[in-house]
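This report concerns only the one structure given below.
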Amino acid sequence: FFCFVQDFSKAMSQAGSSQFQEVIRQELEYSMKVELDKILATAHSNEIEHTKKDLEGFKKLFHRFLQEKGPSVDWGKIQRPPEDSIQPYEKIKARGLPDNIASVLNKLVVVKLNGGLGTSMGCKGPKSLIGVRNENTFLDLTVQQIEHLNKSYNTDVPLVLMNSFNTDDDTKKILQKYSHSHVKIYTFNQSRYPRINKETLLPIAKDVSYSGENTECWYPPGHGDIYASFYNSGLLDNLIAEGKEYIFVSNIDNLGATVDLYILNHLMNPPNGKRCEFVMEVTNKTRADVKGGTLTQYENKLRLVEIAQVPKAHVDEFKSVSKFKIFNTNNLWIALSAIKRLQEKNAIDMEIIVNPKTLDGGLNIIQLETAVGAAIKSFENSLGINVPRSRFLPVKTTSDLLLVMSNLYSLNAGSLTMSEKREFPTVPLVKLGSSFTKVQDYLRRFESIPDMLELDHLTVSGDVTFGKNVSLKGTVIIIANHGDRIDIPAGALLENKIVSGNLRILDH
């Protein structure tokens, strides 16, 4: 009898647990709605419309978050993409360019993702305003590139910046300096979503303000928000009305993401006559890129799979350079008409990225985000193009900054190209320790940027400074232990050297 009762209660609990979960979900959604209504009630009349749109978008994302459980891909369904779905760049380039490339360029819009702050590099304000080369910021270089393009071909390629509420004011102030440049610049804002308390699953914001104490209550929900925000801003329709057909989207901190005429020509004049609505530039993985999202074939569609979506048991397999050979550079070419069509049908499907964070006060929160490339499966006739590594040159850390400031690269019309004097095309592996994390500390530690043309690998740890005109070759490892300091003297040549201990050069 006891066994029968156990089996019966087990069966009942299984049937009831899904109903119980549904009740819990409904209660959470209702509680969230109540809190969001309270927040909306604090908005001034001129804020109501866009706040409402933001909160509606957030509600949809929150609803999906409650519905979905566990990693969002079935590992067994992942297949290698068919041969022709990822084209080698050489093949695209071999087609050459038509005589009317200017008319093709006039149908292009360059969009830069400009929502990020420079906090990871110890800077206040937008990351795009950090100086990266000869006093030029990321934004300066972007404007110079497009201006050079417009002057060379007598075209009108505009620049569109997707700002966040964190970067909008500072960016708009700086844009005045480009008022005489040969580039039309437009901006629109990402949505502003409330951060969620991890324990209660309720927003931590109590009103709409996002200044002062409330800055930590809100966040921009990842670059996947581009589709809805671009559409809602009205700019998408305006650009279509002007005859624009494609956007080239990339991160503003990727200095390799310049307009490529061969890819643009392939889009506008496809060899088979059928236009692609979405092109993702991918490049070959190295050991440094094992966490990058990869393109796979999934349910007969090209699909971007990110590490966060992979079941734990398969993470090592996902990171394998031999099985998944390519990763997404986040350089994307997308048809404007397709964005409009899919947005109006509410048919853009992107996986939710749950981003957990701990705020300064110790509160654990989650942010619900989406990634722009994840929408590839919603578009028709999508394509991957395997591009050279030179099109992926992101500056996420001061280690990256050292590379792009060095003589490895030369600067021409806003574009960085690897120096012809470097004998092999790969970039050295550079790891600067925590003493170099902040840009101001990093700049203080280099009297001038070392000659790195023949460098393979550099590791620096501890209290280290570099004098003027230092040359680094081969593998160089410099380690100052706690309490020690190493000053690399001016004019020093370090080739395949390990330097540790104490080295002080005193001026006299």
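Including glycine, each Cβ sits where the backbone N, Cα and C put it.
Those TrEMBL annotations? Automatic predictions, nothing curated.
Since we're looking at a predicted model, the values are computed, not measured.
Noted in TrEMBL for the protein shown:
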type	residues	note
BINDING	Lys127, Gln190, Gly222, Asp253, Lys396	UTP binding site
BINDING	His223	substrate binding site
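On the structure: features taken from TrEMBL.
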residue : record                 : Cβ within 10 Å
Lys127  : UTP binding site       : 24
Gln190  : UTP binding site       : 27
Gly222  : UTP binding site       : 24
His223  : substrate binding site : 24
Asp253  : UTP binding site       : 22
Lys396  : UTP binding site       : 14
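Cα of Lys396 (UTP binding site) to Cα of the residue listed as 'substrate binding site': a distance of 16 Å. Cα to Cα, Gln190 (UTP binding site) and the residue listed as 'substrate binding site' are separated by 8 Å. Cα spacing between Asp253 (UTP binding site) and the residue listed as 'substrate binding site': 14 Å, rounded to the nearest whole number.
The two recorded residues, the residue listed as 'substrate binding site' and Lys127 (UTP binding site), have Cα atoms 15 Å apart. For the binding site of UTP, formed by Lys127, Gln190, Gly222, Asp253, Lys396 according to the record, the largest Cα to Cα distance is 21 Å, rounded to a whole number.
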